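Structure, as structure tokens:
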């Protein structure tokens, strides 16, 4: 290294950083210490960045960490690369990166973001309030992250700041052209599908209890949670608690794939020449995509309800159930309850979206002044509350849908239309009758979210998905969102 005042200042700065990271004061920075430092900085992938940072070329003992000289050599190389990246993004070469240059960087990689979104990215790095990013701010923000090119920088921004405006069960993930070309998108979807399958299986007894109470609970029998569980176990044993789970897991993949493809097409038709969709347009596109997916896979929903409610020995399996329905009730039976199911998308999605955005933005305004990322715990809390509000609004339609799906298989049950069934429930059971089974539905939210998140994170590592928390495990046929977007809750 060349000497000089600038070099001396850099060495002092690197020495201070080394001392800060060397938490056990053994004179070396190991993977664990670097990972902890990266986690405090936020964004990126601490595990990957720490592993790559601790094993630079020329380190004779990567397992033992880096001493001060090795650490300084590594940071010198990092600064040189970051300076090249800074100049490549500073398109007008004025020594600062502004909002328009951030938008241009995204646009060059096929990702359109709004002015507001670009401002939030800039705010997360701008320490002096100038609404631009100078070299020092850029260097200090990215120094320890293993970014190699402009694509890496944009990918970092996309998955560690507020880019998406509130996700709900109807809005699938959006992926950049780079993610589509590299195949990262399908890995995220696979990870989400596996997490959803494990989550649904883990909470299947509560899901079956919900359907059981929706159909069989009434004022006269006063069926409650414990009574419902006892009744199901007495009829079919412990294994009966998982009836219907097989097809519930099976429909994750087709529903999500159809929703994703439909959303891409509808979004393109709505957007036209616009760079990005407004929140209302995303809501419309997502609702239409959800309706499209539901229309195609709805027969599986009917089969799921029938298999969930079946008595021991009633059906030999999925195909036998489908054949018996077709033979006895005709093809139209596979779309019983379709209308309330589609209508239920709108109140759930609208209220879920509005409440989530309100809670998240209120938290950011009051408690987050240095970052546009509220953090995973806050997002999960906002998502749980907003999903609960959405469920309360849409649950009556979900209950009517389930009863319409099941009524032909229940001896003595009236064969009513959607409005007829609503009137019947209100006259016989009152308003509370429209909320039969909502308690076990709420009970499964927290375990479902927890299971999904843990499984999803492990699946990402197994599949080599290097970004953090950018997809969403399937809970309601959706995926976990980017850090700013809404985690999908159980419905």
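Backbone N, Cα and C atoms are what each Cβ position is placed from, and that goes for glycine too.
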| message | Suppose you had to name the range TrEMBL annotates as region 'Disordered'; which of 37-66, 67-96 would you pick? | response | 37-66
| field | Mean per-residue pLDDT computed across the repeat 'Solcar' (374-462) | value | 85
| remark: Secondary structure of the repeat 'Solcar' (277-362) by DSSP, residue by residue, totals 72 helix, 0 strand, 14 coil
| request: Provide the three-state DSSP residue tally for the repeat 'Solcar' (374-462): helix first, then strand, then coil. | output: 75 helix, 0 strand, 14 coil
| message | Counting by DSSP secondary structure, give me helix, strand and coil numbers for the repeat 'Solcar' (183-269). | response | 73 helix, 0 strand, 14 coil
